[in-house]
């Protein structure tokens, strides 16, 4: 498998995202700070240090990152999350971390935002064969796991999304696309990998509701559906936790869900992807999909000896 | 039943041409928005899906003409050919958009998709079945083929079913939109099964009403 090495750019060379905020979004961000818990709070500016994890590819425009989303709790259309998440209240918020840990704890959002935040520009490859490049702000999941002291018996990490039918229209009504809560899981070593983060912002601001406010998982070498949004619970377990899409269609969505151009989805090829917001209508925005989404060098070791066609 | 105002005969021809013109508006508008960068997110997919959805709508509309006449005495037969051909043109544009804009003529990828992905195989089959129907959608063919024309054009039922199935199989979760089209197509096809006995019953009733109007009044 060809290895791809993401270029490492010195932290000092990276201009913090907040310096390129234009006047309007700066004002919106400032307004969000003033209003605190109001619904515009998701525009609040977020300070983060630069990180060497930065893909050297053009960023997907913020407009696309925040308007083209899969977040079935707000509807199945790509524009639904942006259109229907206005009533969602990402504050106050807390995340319960429990299971096979020495010190289970419920973390308040403020506490999580106080962790050392980094800006990480990652590729995001959706299982539907489209992709983006997103400047996330977040902290290493390992950092959080250390605080609860996982027991030796812990092998997996389970994640759970909030259930709020009154604020999430996709969770109520006659047609509900998935059983709630949305669940995802990682092997403990995947969860502790330096690339794995819990994101609390993007483009220099706190996460918009449609992107999984106030806190979501980002695992850049896996398909996007592993990146569970609006997390309320993280549990360490001994056995592989149930994962929503894997349960819905086990032949289509594996537990690992590592980006792999050689293993097609039964209904479409995974060899290429459409980069959202690029190339336009006629130009070439279809590009080859990279093994492990371009992070082979960093993560291939996690799967040494495994048949990735079986463990897809 | 309230009568629908009849269109004066002199407007029949022009109204069919107006339908063609109106029918192409969604495609033209979406193409314009796409070409000028105004379609959100994945512009090519948006365009492709819009064309597919309109193809399905025109297929459903084509199959609705007969029940409208059977049930409500509304004779819109003159629009059926236009609706059917619009469906064909939209399917063709849907496939062309997939081939040129989406896959950018990566022929091996397209062939692999058609061969290996059941929903694409079904969609492709529907497109191929539409070709003989489009080619024979003219008065000359109707005269030439006679009864065989009717038989051939029953393929429209298979095509509509394939279209609805293709739509449902293409998505990750079958939602209300996909259900709606499966339901509509199923309903329209089911109508074909009960149509003959219904028409017989209707004819008999009309005959009875005509011969014994007094009985009907008394019974009413």
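Residue numbers in this text run from 1 along the chain shown.
Note that Cβ sites are derived from N, Cα and C of the backbone, with glycine treated the same way.
What you are looking at is a predicted structure, and each value in this text was computed from that prediction instead of being measured.
Copied from TrEMBL, the annotated features are:
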type: DOMAIN; residues: B:51-163; note: domain 'Ferric oxidoreductase'
type: TRANSMEM; residues: B:16-34; note: transmembrane segment
type: TRANSMEM; residues: B:54-71; note: transmembrane segment
type: TRANSMEM; residues: B:83-101; note: transmembrane segment
type: TRANSMEM; residues: B:117-135; note: transmembrane segment
type: TRANSMEM; residues: B:155-173; note: transmembrane segment
type: TRANSMEM; residues: B:179-195; note: transmembrane segment
Query raised in the report: Any chance the transmembrane segment (B:16-34) and the transmembrane segment (B:83-101) are in contact, meaning at least three CB pairs closer than 8 A with a sequence separation of 6+?
Result: yes
Query - Positions on the same chain near the transmembrane segment (B:179-195), where near means CB under 8 A and six or more residues out - result: 56, 59-60, 63-64, 66-67, 70, 157, 160-161, 163-165, 167-168
Report task. Mind checking which residues of the chain, 6+ beyond the ends of the transmembrane segment (B:155-173), have their Cβ under 8 Å from one of its Cβ atoms? Result -> 52-53, 55-56, 59-60, 62-63, 84, 91, 118-120, 122-123, 125-126, 129-130, 132-133, 179, 181-182, 184-185, 188-189, 192
Query raised in the report: Other than its close neighbours in sequence, what residues sit by the transmembrane segment (B:54-71), given a CB gap under 8 Å and a spacing of at least six beyond its ends?
Result: 23, 26-27, 77, 79-80, 83-84, 86-87, 90-91, 94, 156-157, 159-160, 163-164, 167, 181, 184-185, 188-189, 191-192, 195, 198-199, 202
